[in-house]
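Let me begin by presenting the structure, written as structure tokens, before commenting on it.
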Amino acid sequence: MVSFGGIARKLFGSSNDRRVRSYQPNVTAINSIEEKTKALTDEQLAAKTVEFRALLAEGKTLDDILIPAFAVVREASRRVLGLRPFDVQLVGGMILHSNAIAEMKTGEGKTLVATLPVYLNALSGKGVHVVTVNDYLAQRDAATMGRVYGFLGMTTGVIVHGLSDEERHAAYACDITYATNNELGFDYLRDNMKYEKNQMVQRGHNFAIVDEVDSILVDEARTPLIISGPLDDRSELYNTIDAYIPLLVPSDYEIDEKQRSANFSEEGTEKLENLLRQAGLLKGNALYDIENVAIVHHVNNALKAHKLFQRDKDYIVRNDEVVIIDEFTGRMMPGRRYSEGQHQALEAKEKVQIQPENQTLASITFQNYFRMYDKLAGMTGTAQTEAEEFANIYNLDVIEVPTNLPIKRLDEDDEVYRTFDEKFKAIIEEILDAHKRGQPVLVGTTSIEKSELLAERLRKQGFDDFKVLNARYHEQEAYIVAQAGVPGAITIATNMAGRGTDIQLGGNLDMRIERELGEVEAGPERDARIQAIIEEIKELKQKALDAGGLYVIATERHESRRIDNQLRGRSGRQGDPGRSKFYLSLQDDLMRIFGSDRMDSMLTKLGLKEGEAIVHPWINKALERAQKKVEARNFDIRKNLLKYDDVLNDQRKVVFEQRLELMESTNISETVSDMRREVIEDMVEKHIPERAYAEQWDAAGLKTGALNILNLDLPVEDWVKEEGIGEDDIRERLTEAANAAFTEKAERFGDDIMHYVERSIVMQTLDHLWREHIVNLDHLRSVIGFRGYAQRDPLQEYKSEAFELFTALLNNLREAVTAQLMRVELVQQAPAEPEPPLMQAHHLDPTTGEDDFAPAIYQASEVIVSPENRNPDDPATWGKVGRNETCPCGSGKKYKHCHGAFEQV
């Protein structure tokens, strides 16, 4: 029976269809001026950029010039790249310009589509960021599409790992900047740890187009970017506790794979307590006593490392390091580390060198970073399954762009077997059968372990003509994937490895030319060889088409339908034929965790024999329902985490905005004076209770406070004894004494130095307290869930206590700044005797592994540090600097006239 909604959609079209049709008048208008645009010379076409900018300066909007701007980009693409955007690509460009996500199938030219809104929005002069998932794609797209932008008189920059601040600043200053999501986030955090505005590399967040938007804003949404500093070395403790886990038996612990949790049973707890007691590590009588919180954290991490984390699935060991594998792409994530000691527990398990734990200095999630942009858009081949999340969290609609040619791919029903062995046997038979026909095959697996197991079984069949693409061979990724469309090619790939690189039937022309003719100079010989490659690829493509196109075989379903759809989408690009099929077994993770027992009994009743498969649309629907449940649960988790992170994010905005104001100010004397006044008011309020008699005042406490905070030894006890003295009188005398002392000091320092000292101390103190605040919030968040047992809402409790902590931070800031400024003095520093250079090691961030130093409270050092090891933003890394040396901060002044002019005492 057809539903009313189905009838309505047939009559009026879906909301997606109506939205796409709404762009048709603009497409028609762009096509109507195509011939006129083609008639322009190269110089006239490039001059359009100046003309458009003049129109914007006169008050026109970007929407007003969209039609001629898109026409200009289309023509520039045709002349420079030999590629003319189709009408549906124009629609995709308009969707991106309208703050939405364009869902475009694989091979539909997302990279080219982006040039249209990128050029249009770059005309504003505020910069456009094009975000990719890795450095390779950022460099590739910037190099290719940068030719179009350059032809039209625009500049293109690219941000990749390892660039200097100067190079980053120049890249961000370009009209268009290509970068990875990680680099953008880290540059934002690093900028907000700088001490001079001219040292910041980013210039605002105007418009970002995120390629593979589902990967970055959904899969990576929960991943915080963290810049951190090292804590004390506790590697011995990790090794000691790691040795206990293999002594446990299954009854000593409980594992919940669905929730990814591991806990000790009563028997296991008793066994651990005995072991810890013997080692002298247990305080008190029981493991879960409050004084053993740190030990509990260690043993829980060790248990998870052994029982939840699987080598070659969750991580691999490479070059004596534990390297995380992205569960969605199967790619290695070198440098990225699990936080809160989990990575160290894995290092202990694998008997590799244990890296020190880290303390968070600055952090932000991708959810909050990308929500800072004034305008945000995205592209992907698979977004509809996450449309609700994009709408709720990012306020982004998902609009499906029609393909230029109809999709001819055949998506077959899943085949379900009883066991792994039966499934793998069927897969191998299917692979070899397709190979005999000359059909290219892409086999998708969910882990390195599975891909290598399949490869081994193929070799046992006497067949080794295939490529394995997983995290171990990341460097060859793009080329292997690009050649997966050659007739008879067999490519085994983990999940979505190679995403961003098209699989073209017959092979990738550009990559073959680069690989085979990279050293051949331009000329007749090169041209002839290029023509030969073109003819060869044309012939190979026809053979692949005759064999049925690319055949995608999936070895199991992923938790997310979107990942499965991405794998299917590698086949059938641009109207090519293709085929896809999923092979499953009841021993697969998804089937095992989400109720394969019922299905097993059902298959038994049906009389399913060994080696036989069941194929039915009902099976597909049942699996999709299981996947939807997992997706809904993961969305709820991300949504809930965002509510907590929003609390920190609001506070982060306040602190970072305050830092920016401080950096932009040359004189903050009024702010410092207000801080001092408020500190004095707090002191008086604390030691002189309201409506109390003079003899009830805490004169001794007030005197001590004045000495400790204001650095003033005042006769407070004598003042209290005066006849008729009041609270206001005490406050006024303290204020006058403090102001007089500070004014005298400012006159001795001179205005320039005093203003510099004030700003430096306020910023450094703010940074120090903010880092402590992040640690406090992390701790609060880790325990706040227990409030639920007392029938209290953990989120509301967290908001309330986080606000109290932030209020305390501001109070502590006022007090610490006042105390330091009342004590700071100019000193003459004599040159120190030379000492061995300090070897400054870069520390690894626990979640991202970025090399980062963090500014610290300035302290005098007696160690000589070689200039290349000094971080301009962190005085703590400078060591002893000669008075006549150039100041390491980068100001260009001599040290004695810059940072060396003052020292906190």
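Just so it is clear, glycine is given a Cβ too, placed from its N, Cα and C backbone atoms.
Per Swiss-Prot, ATP binding site is recorded for Q89, G107, E108, G109, K110, T111, D502, and the stated evidence type is sequence analysis. The Zn(2+) binding site annotation in Swiss-Prot covers C887, C889, C898, H899.
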To the nearest Å, how far is the Cα of D502 (ATP binding site) from the Cα of C887 (Zn(2+) binding site)?
51
Using a 10 Å cut-off, grab the number of neighbouring Cβ atoms around the Cβ of E108 (ATP binding site), all chains included.
24
Do you know offhand how many angstrom separate G107 (ATP binding site) and C887 (Zn(2+) binding site) by C-alpha?
53
Quiz question: given the binding-site residues Q89, T111, which has the greatest number of C-beta atoms lying within 10 angstroms of its own C-beta?
Q89
ATP site span - longest C-alpha distance across Q89, G107, E108, G109, K110, T111, D502, in Å:
17
Within 8 Å of the centroid of the Cβ atoms of Q89, G107, E108, G109, K110, T111, D502, which other residues of that chain place their own Cβ, given that this set defines the recorded ATP site?
M104, T106, L112, V113
Alpha-carbon distance [C887 (Zn(2+) binding site); E108 (ATP binding site)] in Å:
54
Nearest to C887 (Zn(2+) binding site) in three-dimensional space, by Cα, is which of the binding-site residues Q89, G109, K110, T111?
T111
